[in-house]
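Enquirer: Take a look at the following structure, please.
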Amino acid sequence: MSDSVILRSVKKFGEENHAFESDGFHNNDKKSRLQDKKKGEGARVGFFELFRFSSSKDNWLMFMGSVCALLHGMAQPGMIIVFGILTDIFVEYDIERQELSIPEKVCMNNTIVWINSSFNQNMTNGTSCGLVDINSEVIKFSGIYAGVGVAVLILGYFQIRLWVITGARQIRKMRKFYFRRIMRMEIGWFDCTSVGELNSRFSDDINKIDEAIADQMALFLQRLSTALSGLLLGFYRGWKLTLVILAVSPLIGIGAAVIGLSVAKFTELELKAYAKAGSIADEVLSSIRTVAAFGGENKEVERYEKNLMFAQRWGIWKGMVMGFFTGYMWCLIFFCYALAFWYGSRLVLDEGEYTPGTLIQIFLCVIIAAMNIGNASSCLEIFSTGCSAASSIFQTIDRQPVMDCMSGDGYKLDRIKGEIEFHNVTFHYPSRPEVKILNNLSMVIKPGETTAFVGSSGAGKSTALQLIQRFYDPCEGMVTLDGHDIRSLNIRWLRDQIGIVEQEPVLFSTTIAENIRLGREEATMEDIVQAAKDANAYNFIMALPQQFDTLVGEGGGQMSGGQKQRVAIARALIRKPKILLLDMATSALDNESEAKVQGALNKIQHGHTIISVAHRLSTVRSADVIIGFEHGTAVERGTHEELLERKGVYFMLVTLQSQEDNTHKETGIKGKDTTEGDTPERTFSRGSYQDSLRASIRQRSKSQLSHLSHEPPLAIGDHKSSYEDRKDNDVLVEEVEPAPVRRILKYNISEWPYILVGALCAAINGAVTPIYSLLFSQILKTFSLVDKEQQRSEIYSMCLFFVILGCVSLFTQFLQGYNFAKSGELLTKRLRKFGFKAMLRQDIGWFDDLKNNPGVLTTRLATDASQVQGATGSQVGMMVNSFTNIFVAVLIAFLFNWKLSLVISVFFPFLALSGAVQTKMLTGFASQDKEILEKAGQITNEALSNIRTVAGIGVEGRFIKAFEVELEKSYKTAIRKANVYGLCYAFSQGISFLANSAAYRYGGYLIVYEDLNFSYVFRVVSSIAMSATAVGRTFSYTPSYAKAKISAARFFQLLDRKPPIDVYSGAGEKWDNFQGKIDFIDCKFTYPSRPDIQVLNGLSVSVDPGQTLAFVGSSGCGKSTSIQLLERFYDPDQGTVMIDGHDSKKVNVQFLRSNIGIVSQEPVLFDCSIMDNIKYGDNTKEISVERAIAAAKQAQLHDFVMSLPEKYETNVGIQGSQLSRGEKQRIAIARAIVRDPKILLLDEATSALDTESEKTVQLALDKAREGRTCIVIAHRLSTIQNSDIIAVMSQGVVIEKGTHKKLMDQKGAYYKLVITGAPIS
């Protein structure tokens, strides 16, 4: 066959289609996307844009809710007009009473006359009298108060209910749109976006938008209505005084604008810091086995805390700014009081323009307006936070994906042959534009042929597969299918024609049957069974208790690697694809399974185009065409024989392979052709599905270190069967009793100086309002004085007091804001840190629990810690403020008239009852809502973590459907919450009007019959009214208080849990001369999440110090489980693991793990530099750069690292996604070498490497094994033949053991496995 590649002419079919773009434009488009991302980060969202998801029904609900809020807001200014009229009546009555108290004066003909004066004198100087019937006037006004109270009850209920409902509807829609848009994004977008950050946006950011568009809008409109109607009434009753009071309003407006911008900026910075911290938490919790194995718990807590520090700093700044603004507002308001009474008294006394009642009406209307503008400003902070949170959400929603997998655009071919051509394709990943992966690649893949790609790690083999699936588009050149540029084809249709089986298969948290059905939605049960048989999975599935209904756990964590692989192959086969892509598809299988699966794959070859990347020798040798890759280019093409003659890349790989096989043959296998499929297994090269890209962002590495996580089932298939049925049980487990506030505050105890100063300032601020009511009533009393000079003198004194109050408020409000922000942010940081630390403290079995998958835990860290501030921080300040307000107000009231105070106090129990009901009900709703959103979080986390698999098999729609089912439940909870919250709020608002009605009725009686001064009635009523407002305000904190207690309870539940294997505990045995002798004595074990399946069934095997023990056996026989017992991820149910004669259960966990190093098949790396990843091998001390480089050299890594632009400072990406598998594996080996362990565990340690690298790394491992006890797990028997002991396992027990020679001579299970690949039984 010719070496040259013949390229056919391309039909540029559908050039008018937007999917078909010129190369230059396409490349520019990618660059512009990255620029857009940078520009978009600072983009602001306008407030009204928050309501972009409202439907016509929502508009109607918002309109009606707004009408109710606006009418409710008018109630208070309206009653001020009534109050002014009442004031004039009381003043007139008091003047009459004072005049008639003079013995020489009497009331005759409605005029006060001197008994001894002439008629003319009396007519000139007389004051009218007897015209006021106080009793009947008071009854009339009491009736008006009662009527308004009832109206407020109705309006208050509907304003809250309607706004909460419309908020819930819009947030539900927003979550749907956001998730749908994310699921439509091209893979390149995920390369540059962290899953942890996206999960944080789903929970934290959307919750902040929810707060901004629900009940807060109702409260804002109510306060705005009060402010506007107050101003209008002020102008109507007296424009002069109104203008004087408003003279300071520009100062308020300027202050509000400056503060609003500052708060928005600080909020944005705070959210970014929290998103970064969330990303770290997600990465760590997803790789918990690796963290535990290398003792990285404390290092990870420090890394997490570092990002929390930034968030804390911005939170404190935000609190300071808000505190200053509140003080600034109060200061201006009190200065207004002083100015108003000074100027107003002149208009009343000197010019006679106003009556005292008119002055009070104007003053109170304008001041109520100003106060409500101040109160409304607290809503502005929430709106501003909502807008900041929305910017990244809306930016994602508005972003048009470059490749929309759910779009109907593009052509669908009637029939396809399956001919694929690469035309001068050049490509780099969006996340690493400086590294060229494919360089002018040209090749033809003929239909119906099996084509094998071979080449060293990082040569671009797997990248070529990703371009065929259109996960990316070439930067230059084109890929064609049957002569059509694949950019002109419909993406969903294209991927439906392709089956993919990768080396690290991803299964989803549902049943085995549903996982297979994901390959083809309309597949019947017969199709599923047949696919399982074709993939050699049927027998092991039928051996499980629930057979095809067995739940596989998150990422297939409940199964061994081989079992996962076979289910993934069944999923690909059921698609009946025209093109089958095999990326190391049988690497995780033992010999017997591999041979059978390979046979199944060969059976379907006819009529299919098969592309196999770096398969075993038998597969590559029998391929119709072999294409050799080097540096991103196809350098040779031909059959096995042709390429051997050519003596190029392929020849070199085969030569290396043959040398190892010859070595193997000499040790006991004679006359057997090593090129047959059932011989010792070897791999040509490693091109993982994650080569040089961020695949692992979504691909949770489920290695032997990280794959046995038994996570909750999620409904991507049959939603009810795999998810709904478990709901009731979950709820029972999840319910928590709200935490006592005392304990929450205990965690804030180290900030007691801040809390004390803040509380003192809050107490002063709380006392200011009742003192104001005292001064106010005193001014009213002044107007009834007969001597005008005395009136002036007293009014000026009151004005001076107001100025002093303003100055005090400025100072105390600022200190309150700062101190509580400081204490609250420190508490949030502490709780997040403690929560994260407590999570890392838990045993691995805890992470297997369906409630504790990474998505749920990350969501919990993000929301719970910040919600605990609802019972601490600034909320404490507001509570202290309110309670002081109530105490001082009640004290003043009882001092001046205890009878009237008692009558009004009758209404307090009703307020308290309303608050208690509100707290109780909302606590319940908060608990339900949190649980539902956590379940939704599990769905998003699983989908986004495995986005390549989701896109490859086209199940985006299933995840979207499952997610939306959970959202419906959350919506129903919100509807119930709306009714309770609305009723309680309405009651707390309306009761004050009813209390006023009763107070004025009884006050009128006391004035007439007990000669009480009218100013005392005002003093008592306004004091109690102030305290009632404070009570109402206290209960407005109950929703966040309720959430806080639930969130805190979850934290305490976590902090209180004492894990059976405690990594932080100092207890346990330690000894100096650690040898590394290991004895498994009759170990029996079942995983906590699957107690019905016995994994180890009496395992007994020993290895002396410095010896190598190799475990051999079929997939799922318990090999990896034994390693997990040795690492103390679990303890055996029965039997003992002995280390140097010590029972492992009694050995200190950190001490034990510090003497063990591990290299697993699918290594987990962290999102930091190569140097930091190597140093992660030993977290007990600072590793020198020299020592790390020495380890890298030993692992054959150094030369590769030095070829990178940033050398050892190169960031590996999340989960090592910027590197090929071979590169990742060598870093993992260097990490283990740096640890200098006494016991070395190698779990398929070289399986990820190409032949060239493997040989050198194997030598490095052999060297690393010297003087160490070593346990090796390998399917490839040639890697373990030199072991001191080979233990053959079957069904959780060792069935034979000995050296390679001894076992070959015995001709038992091991011999059969080596020679024939027969089952071990």
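Placed from the backbone N, Cα and C atoms, the Cβ positions cover glycine too.
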Enquirer: Here are some residues: S692, S1036, S1122. Which is flagged as phosphoserine in Swiss-Prot?
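Expert: My reading of Swiss-Prot gives S692.
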Enquirer: Would you say whether Swiss-Prot puts K240 on the same side of the membrane as T290?
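Expert: That fails: Swiss-Prot puts them on different sides.
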Enquirer: How about the transmembrane segment (795-815) and the transmembrane segment (320-340): at least 3 CB pairs under 8 Å, pairs 6 or more apart in sequence, or not?
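Expert: Contact between the transmembrane segment (795-815) and the transmembrane segment (320-340): present.
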Enquirer: Note the mean pLDDT of the domain 'ABC transporter 1' (420-656), expressed as a whole number.
Expert: 80
Enquirer: Excluding the flanking five residues on each side, which residues at least 6 beyond the ends of the transmembrane segment (241-261) place their CB within less than 8 Å of a CB in that stretch?
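Expert: Same-chain contacts beyond the flanks: 231, 234-235, 321-322, 324-325, 328-329, 332, 335-336, 339-340, 343-344, 347, 354, 359, 362-363, 366-367, 370, 373-374, 377, 380-381, 384.
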Enquirer: When you scan the chain for residues with a C-beta under 8 Å from the transmembrane segment (148-168), skipping those not six or more beyond its ends, what do you find?
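Expert: The answer is 54, 58, 61-62, 64-66, 68-69, 71-72, 75, 78-79, 210, 213-215, 217-218, 221-222, 970-971, 974-975, 977-979, 981-983, 985-987, 989-994, 996-997.
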Enquirer: Same chain, outside the transmembrane segment (63-83) by at least 6, Cβ under 8 Å from its Cβ: which residues?
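Expert: Non-local partners: 141, 144-145, 148, 151-152, 155-156, 158-159, 161-163, 166, 217-219, 221-230, 233, 237, 360-361, 364-365, 368-369, 372, 989, 993, 996.
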Enquirer: Counting a contact as 3 or more Cβ pairs under 8 Å, with residues at least 6 apart in sequence, do the transmembrane segment (320-340) and the transmembrane segment (216-236) touch?
Expert: no
Enquirer: Sort out for me which stretch, of 62-385, 420-656, 755-1043, has the most Cβ pairs below 8 angstroms to the domain 'ABC transporter 2' (1078-1316).
Expert: 420-656
Enquirer: DSSP-wise, what's the residue breakdown of the topological domain 'Cytoplasmic' (169-215) into helix, strand and coil?
Expert: 41 helix, 0 strand, 6 coil
Enquirer: State the residues, same chain only, that lie 6 or more residues beyond the ends of the transmembrane segment (216-236) and have a CB under 8 A from a CB inside it; answer 'none' if no residue qualifies.
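Expert: Counting only partners 6 or more residues beyond its ends, the transmembrane segment (216-236) has Cβ contacts under 8 Å with 62, 65-66, 68-74, 76-78, 80-81, 159-160, 162-164, 167, 242, 245-246, 361-362, 364-370, 372-373, 375-376, 379-380, 382-383, 1036.
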Enquirer: What is the number of residues in the topological domain 'Cytoplasmic' (816-869) that are helix, strand and coil, as DSSP sees it?
Expert: 47 helix, 0 strand, 7 coil
